[in-house]
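Taken verbatim from Swiss-Prot:
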{"type": "BINDING", "residues": "G170, D171, R172, Q173, T174, G175, K176, T177", "note": "ATP binding site"}
{"type": "SITE", "residues": "S363", "note": "site 'Required for activity'"}
Amino acid sequence: MATLRVDEIHKILRERIEQYNRKVGIENIGRVVQVGDGIARIIGLGEIMSGELVEFAEGTRGIALNLESKNVGIVLMGDGLMIQEGSFVKATGRIAQIPVSEAYLGRVINALAKPIDGKGEIIASESRLIESPAPSIISRRSVYEPLQTGLIAIDSMIPIGRGQRELIIGDRQTGKTAVATDTILNQKGQNVICVYVAIGQRASSVAQVVTNFHEEGAMEYTIVVAEMADSPATLQYLAPYTGAALAEYFMYRERHTLIIYDDLSKQAQAYRQMSLLLRRPPGREAYPGDVFYLHSRLLERAAKLNSLLGEGSMTALPIVETQSGDVSAYIPTNVISITDGQIFLSSDLFNAGIRPAINVGISVSRVGSAAQIKAMKQVAGKSKLELAQFAELQAFAQFASALDKTSQNQLARGRRLRELLKQSQANPLPVEEQIATIYTGTRGYLDSLEIEQVNKFLDDLRKHLKDTKPQFQEILSSSKTFTEQAEILLKEAIQEQLERFSLQQQT
């Protein structure tokens with residue numbers, strides 16, 4: 001048996017003592033007393049902050065929402081099926097934040113900014129708080145740059161500016177998502193970063209939107225944040241704030257961003273579910289008292305920054321679903337009062353084949369013509385009034401037996417104006433083509449055509465104008481004004497096309 005020498009033992013002991021690192025740390029620990037329905041109640045955690053992240057022993061994370069005298073109410077960011085009563089919970093000392101970087105462009109992620117498109121991890125060196133304060137009054141400037149949606153009805157009569165918040169509201173299946181996605185498609189080549197947030201949607205619907213973006217080449221400048229209908233309520237509640245944090249990252253880097261929240265009704269329902277399970281007192285329609293603050297703190301983050309901050313912008317298009325056209329319900333009235341206008345989609349118009357089914361009469365943009373180029377103001381200034389008068393006259397005409405010639409002409413013009421506002425999905429128009437289309441309708445060039453021929457004629461006119469009068473587009477894009485020269489070119493193109501069209505009809 002070999003004998004150990006004293007000096008060897010001494011050397012080993014000395015090495016062990018030198019390697020010993022006495023590190024003492026204090027951790028805020030609690031214990032689970034109740035768990036279920038996406039909620040956990042914890043005793044302990046005396047030093048926790050509101051909104052702080054906590055970590056359970058088996059790895060699930062949660063957010064502290066209710067801080068009570070005897071326990072803490074935690075909402076779980078997962079199913080929590082493996083959490084056991086009596087297990088330990090550790091406070092992390094951090095408020096919820098996500099990584100942010102340019103690498104997120106073209107990706108589909110969840111509310112925790114984790115990729116769900118199977119294309120691998122996203123490398124990011126920076127992070128942002130999911131909930132950060134909105135820009136102050138001093139940090140902002142008034143909205144003055146147009147954000148073109150590519151939809152004639154919106155760009156001519158309900159203009160949206162960069163930094164504006166415009167609500168898209170309507171019943172289910174009226175084309176709300178189509179208006180939002182067409183707006184994203186129209187940002188191609190406009191140097192605008194788009195974020196599409198899907199809250200509580202069917203996975204098949206989100207997949208269809210993503211496929212559409214890929215086919216049209218829009219994913220290059222778009223980030224999709226998706227929490228499906230089967231996701232925990234906590235993640236559905238967080239998804240819009242995650243999207244806003246990503247959009248803010250680009251806004252503060254002097255970029256223009258557009259964010260779609262589809263839709264905030266589902267987020268409010270998820271928040272109501274969480275609040276009721278946390279035993280917060282219910283208010284109107286069983287929503288908690290702070291549901292207005294839920295949406296106001298989200299939508300106030302949209303802004304047009306001043307020149308000192310780089311003039312970046314974040315334009316928000318929240319979507320809210322109504323029941324049977326009832327805009328006086330709790331969530332619709334809340335969001336209407338927060339936003340800078342609303343685009344109202346009508347199921348009656350949709351069923352009548354008028355798509356996009358925008359009710360121009362009760363839709364409004366509180367920014368108004370400040371968000372339009374001068375050429376559009378010159379051409380489309382009276383369109384909304386003419387359509388409103390047409391709708392009024394049409395209602396009257398149902399009861400009148402005979403109408404005078406002026407009223408008949410006004411009705412005929414109104415029907416053609418309504419016809420030119422029709423657009424197929426995923427077919428946004430450049431502003432120059434919109435101006436040509438509206439001018440043709442408002443100046444009476446369509447009056448001689450049958451209503452069924454209007455859209456065919458306008459398609460041919462736009463193609464003819466592009467092929468034979470490229471100077472028209474150059475004048476509008478350079479001067480942003482509908483000059484005399486532009487008007488002469490457009491009149492020539494319309495006359496030529498009318499002659500060609502009448503010949504085609506004869507043959």
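Indices start at 1 and increase along the chain as displayed.
Keep in mind that glycine also has a Cβ here, set from the backbone N, Cα and C atoms.
Projection of Swiss-Prot feature records onto the structure.
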{"residue": "G170", "record": "ATP binding site", "contacts (Cβ under 8 Å, 6+ apart)": "K176, E321, T322, G325, F344, L345, S346, S347, A357"}
{"residue": "D171", "record": "ATP binding site", "contacts (Cβ under 8 Å, 6+ apart)": "E321, T322, Q323, S324, G325, L345, S347"}
{"residue": "R172", "record": "ATP binding site", "contacts (Cβ under 8 Å, 6+ apart)": "E321"}
{"residue": "Q173", "record": "ATP binding site", "contacts (Cβ under 8 Å, 6+ apart)": "S347, F350"}
{"residue": "T174", "record": "ATP binding site", "contacts (Cβ under 8 Å, 6+ apart)": "L345, S346, S347, F350, A357"}
{"residue": "G175", "record": "ATP binding site", "contacts (Cβ under 8 Å, 6+ apart)": "L345, F350, R355, P356, A357, Q425"}
{"residue": "T177", "record": "ATP binding site", "contacts (Cβ under 8 Å, 6+ apart)": "S205, V209, D262, I319"}
{"residue": "S363", "record": "site 'Required for activity'", "contacts (Cβ under 8 Å, 6+ apart)": "M157, I158, G341, Q342, I343, F344"}
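According to DSSP, T174 (ATP binding site) is assigned to coil rather than to any helix or strand. Excluding G170, D171, R172, Q173, T174, G175, K176, T177, which define the ATP site, the same chain contributes E321, L345, S347, F350, A357 within 8 Å (Cβ to the Cβ centroid), listed in sequence order. For K176 (ATP binding site), the count of additional Cβ atoms within 10 Å of its Cβ stands at 25 [all protein chains shown]. Under the DSSP three-state reduction, S363 (site 'Required for activity') is assigned to coil, being neither helix nor strand.
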